[in-house]
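Report on the structure given below.
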């Protein structure tokens, strides 16, 4: 192959023609735009002006926090709250004439005819986060996006989807599921390209792209930008993107460049003028340096030392002044008069929208696809009513209707029919919405392709059969006959209709709750409190006739009152009669006591139907009004004064940091200074075996599929230098790091199979040994605690990882590390999450690195450490890593997508992987250049060597011809390396000849490097401090802990206060005692709001061997228990003192005690299920079933349970607490009147005092004994939770 043939692999390609219809051309004109954060009055972007004609590709460049994303958002009108802006932004429709001119390229013909110019102007926006459905394949995602955004024929849409798949290099993964953290699918780069495709499919005139190349390898990034350039040139589209690290050939594809630094414009003009402009002010781009990297370095402020910061800030100020002068004297912006006379288009009109019923059709089809591909949710959907119906039927199994207790049980089972199933569905559907559906809706709503009403209607249609109809039918079919209700078809189907409408109402309530807040802890609070009020108004717990007047009206707006009342009327009207006088029928008397009319059928059914529709209507209105937006970053003000410490002798802090690490008088450091570890991988293979249940009915229930991830990888990684693993997306780079660091985890449906050897200095080690001496920086930063600041995160990590140092030494090292990583400017900013914006993605990456750098390990693994970072920050991070290698002899291995050319030359060894994990090369950069030159692949001048090699090893799937030629090239390179390995006799050493470390010899040699966990007391104290800080800052967590329990007490007080001493008050006291079981659910919900984030952070710390399970568990309890105790005291104030139960010290403290214990048991159950399952939707479903069964078995609902169920009740805390509360509620000295009912024939009262009630209902218990037992039950719950966590992490390891 000649140099001419291979010289420019990236550009010698066959061009595709995309079948997009013509679009109107749009130009963008901005004048004096300034963007200010309204909360802090901080200027985020200062005086930005430009003219961008149609057919242009513009890039906004700059370091992290320079205002790139903010500028894009304002230009696209994506941020309204939290920001104010001055200046003008105008979109102008350019006059292109009715026919294309001769210079324009010819267009493809669709459906055999030439399409006219599209009338509707469309704008698209690619956000920084990829919001995709994990259970759709790549092709399905694009197909549904096309169906939602294009009003074209099926053939046209299919053609465009296939062309985009090829153009974006997604052909190899077109039928792969997108996946998520739990179920791996597409790589990060593939997801990014797919997101670009979902926006491009709408055929936009103007498109904004926020970091489109983040996570892409250099070759994929180049092809994506090349596609944008082609679309701009051919169709006159306008593309505006923010970009971190454009390779040099990407830079020269751009038409216009804007460089920002700290919100100030450093340059904003045509790309052709960029280099001459900087040369004119004295800055010449050095040879063999990417101009983009040079310009970003030039305009960045280096905050790693005071001296550097002052110098670079001064240079930046000079650059800004130069640009203002140039803009005023040389830049020729179009006159305002021209813009004013042109046709201006409002951005609100630049959205795509199908007719309503087409939206509904597409969304329904997608929902069906998603629902039936989610096996776990589908199974639980049908299992839940089956289990809960069976157990509920067993609890209330055919009660004796001739006794008072039996009739009370019958009433309770009717209440359970209306409330139980629909409440469980409310919780489940709320979580399913928060976890899966609403994020996709928010993205599509922001794009203008979906309306709230279409979303709600489509979702309801798709879930109607499986959820509303099937779940209700299963539940009613089981419970109706087990309850021993009348075998009448009309009554059976009427009960089905009532329960069906109740579940429909709860479905609407869940939609309303999520419309109010996308955060589950808030949405569940809305749903829970609403449902609690509605269940209180149903008339079962507190008699609807005698409710306090100020809440009596609630029954008329409570669908539960209508549903419970109509079932009571259907069951008891003219029933249990012993005489012809209907008024004396026991059933009619019960209806009279509860205040429901006889034969009350039609009206409540109609009202129920109205409520079921009404909740959805209110939810739709809130969704229309409440478009989700992200708030501006929050800053936590430090209480301490900021003391700037000057570096002695002007030494840079990162050098001081490195000196501190090993020059302190620490025995570990002195020993470790000279340890050098050469890592050798021999014949590493990795494959994953997928077991897909129910995927192919013909082949059986399970379908097995094997995927090769790594194949015979042999590599050497040397100490004292950075070793890089390079390759295109999907080549197994991250998988190799996970394998050698012992972080591969098999699941039920995906088993990893590995083989090969890992050597330390030619002696074989196990994965566990490797893990003990290495630190691993993962690609994912989601485990960071959102409520902590940067400084706090590193401070707490240092306290646990550097426990051999004094506090002053730890603080100094933390401060130095913050400066070294360039985080000084945001050290007091919170980390943030998807709901509250904190630091940028690049800054999160550096925080994660900082935590691991504190460990000071001999081996450091980093997965994509520069992904999402600007070139200046990337260079800074790699400079820090290089110093660690050089001065401390560490072995550092990184995976990297787009290394700068000057950094690539400084790498130690490079492992180049092709797709499917096959080795293309392993050696030094100089050896690499020489090797590929021998193969005939000479790197052209002014080309980044790393980019060139990545281009060589990448397969271009944009069209068949490109694919054939690129695959042949890749196969040739792979075959050549295999032959080279064989010739050099580098085959692996036979297993029998390998030296292997024993466990003892390894720990003897590397004992000073094996991380020793912090002692229990220290880890406990640090965990308490950290969790206290996160709880204090997180309003949601605090409210979940403190507000929900007293909130219930307030509601109970509203409905029950004052509890009287008459016949009706008996059922009210029973109801109030039964309502205390709701605290079981509150404990679980509090756990769901607080525990998962703490758990995820703890798992990372545990994997790093920082501390054990006990400190985390005890610290969590230390914060949880006092807050629960405080909430329980407030609860008792409302339920005992306000409601008017016996106001004695014994009753008050017994209520505090019982409510505290029940809440703690709910928390413990939450810990158990959150440990078993990491998927919260499944957790909610499982735990809700357990809790519901527990509350139904409390002993106050069903008064005649079987002996087996009574046996289960021994470990049911609410079984004990309900009995304690009811015995204190009916003391022997409580005198009852019977003017309103309950008189014997001789005129005496059936229940003269509290003891009579307890005896009659069989509720007399030894309260002292029960008070002792429930402590034991609570302790048993906690111990079970602890041992389940221990089993997960230490014993079984699932």
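These residue numbers are counts, starting from 1, taken along the chain as shown.
Every residue, even glycine, has its Cβ placed from backbone N, Cα and C.
Note that the structure is a prediction, hence the values are computed from the model and not measured.
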Kindly point out the range from 355-375, 376-396, 397-417 that Swiss-Prot annotates with transmembrane segment.
376-396
According to Swiss-Prot, which residue out of 922, 983 bears the annotation N-linked glycosylation site?
983
Check for me whether Swiss-Prot puts residue 448 and residue 1261 on a single side of the membrane.
no
So which of 101, 1062 shows up as N-linked glycosylation site in Swiss-Prot?
101
When Swiss-Prot marks a stretch as transmembrane segment, which of 468-488, 531-551, 552-572, 573-593 is it?
531-551
Six or more residues out from either end of the topological domain 'Cytoplasmic' (1288-1294), which same-chain residues have a Cβ under 8 Å from its Cβ atoms?
1099, 1102, 1109, 1171-1172
Using the Cβ centroid of 62, 63, 64, 65, 66, 67, 68, 69 as the reference point for the ATP 1 site, which residues of the same chain not in that list have Cβ within 8 Å?
242, 260, 261, 840, 870
Reported mean pLDDT - the topological domain 'Cytoplasmic' (1060-1120):
89
Near residue 68 (ATP 1 binding site), which residues of its own chain have a C-beta under 8 A away, given they sit six or more steps off in sequence?
60, 61, 62, 210, 242, 260
Express the distance between the Cα positions of residue 66 (ATP 1 binding site) and residue 41 (N-linked glycosylation site) as a whole number of Å.
16
Considering only the glycosylation sites 86, 371, 528, which residue has the minimal Cα-Cα separation from residue 65 (ATP 1 binding site)?
86
Spatial neighbours, same chain, of residue 67 (ATP 1 binding site) - Cβ under 8 Å, 6+ residues apart:
35, 44, 45, 260, 262, 263
When the number of other CB atoms within 10 A of each residue's CB is tallied over all shown chains, which of the recorded positions 66, 69, 528, 983 has the maximum?
66
Nearest-integer angstrom distance between the alpha carbons (Cα) of residue 528 (N-linked glycosylation site) and residue 64 (ATP 1 binding site):
41
Cβ-Cβ distance under 8 Å to residue 63 (ATP 1 binding site), same chain, at least six residues away:
261, 296, 299, 300, 301, 870, 872, 873
Of the glycosylation sites 41, 86, 151, 371, which one has its Cα closest to the Cα of residue 64 (ATP 1 binding site)?
41
Taking the Cβ of residue 86 (N-linked glycosylation site) as the reference point, list residues of the same chain whose Cβ is under 8 angstroms away and which are at least six residues distant in sequence.
32, 33, 34, 36
